[in-house]
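Asker: The GTP binding site annotation in TrEMBL covers Gly24, Leu25, Thr26, Gly27, Ser28, Gly29, Lys30, Thr31, Gly70, Asn127, His128, Gln129, Asp130. Annotation comment: TrEMBL describes Thr31, Thr48 as Mg(2+) binding site.
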Amino acid sequence: KCFRALCCKGPPPPRPEYDLVCIGLTGSGKTSLLSQLCSESPENIVSTTGFSIKAVPFQNAILNVKELGGADNIRKYWSRYYQGSQGVIFVLDSASSEDDLETARNELHSALQHPQLCTLPFLILANHQDKPAARSVQEELALMFLTADSGIICPWLVPIPVCQGK
């Protein structure tokens, strides 16, 4: 009876896989976020140049995340990596300068309006919430023009302290 239960059960069903794209400016915490989700050591994290792909395993699914570097000279190529994406993670530095905030807002709105992304789920992570200069989620929503007045409402802005002071 035991043998029959073991041999006839077969392998577990495969977990569904979802392809996501992770974008945000340099230093926003994309690499740190993915390293934590993959249970990797936070030591020796280096900003992504170009792109990297990580498989993030969860109990019921696997997220294949394309992390795209956020430097000026790389952002213009982001759209080349959007095809096939099933969702978007935008990582925002809550403690960034006003100039970086404006750049992030422009990049976010560009992504929200891109034909390959505009119908996809967006998760916006307000990172570096542990820093003294961090803006609140309400401030971020208003400054990123993600309020009812703007016509773009994004209920998925989540505060996170990924880097814990880094």
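Just so it is clear, glycine is given a Cβ too, placed from its N, Cα and C backbone atoms.
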Asker: When you look at Gly24, Leu25, Thr26, Gly27, Ser28, Gly29, Lys30, Thr31, Gly70, Asn127, His128, Gln129, Asp130, which the record names as binding GTP, what is the longest CA to CA distance in angstrom?
Answerer: 21
Asker: Validating a neighbour-count step here. Other CB atoms within 10 A of the CB of Thr31 (Mg(2+) binding site): how many?
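Answerer: The answer is 25 other Cβ atoms.
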Asker: Between C-alpha atoms, which of these binding-site residues comes nearest to Thr48 (Mg(2+) binding site): Gly24, Ser28, Gly70, Asp130?
Answerer: Gly70
Asker: Output the one of Thr26, Ser28, Thr48 that, of all these binding-site residues, has the highest number of other Cβ atoms within 10 Å of its Cβ.
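Answerer: Most Cβ neighbours within 10 Å: Ser28.
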Asker: Within the chain of Lys30 (GTP binding site), which residues six or more apart in sequence place their C-beta under 8 angstroms from its C-beta?
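Answerer: Expected: Cys22, Ile23, Gly24, Thr48, Glu67, Gly70, Ile89, Val91.
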Asker: By a simple count, how many Cβ atoms lie within 10 Å of the Cβ of Asp130 (GTP binding site), its own Cβ left out?
Answerer: 16
Asker: At the Cα level, what's the spacing in Å between His128 (GTP binding site) and Thr31 (Mg(2+) binding site), rounded?
Answerer: 13
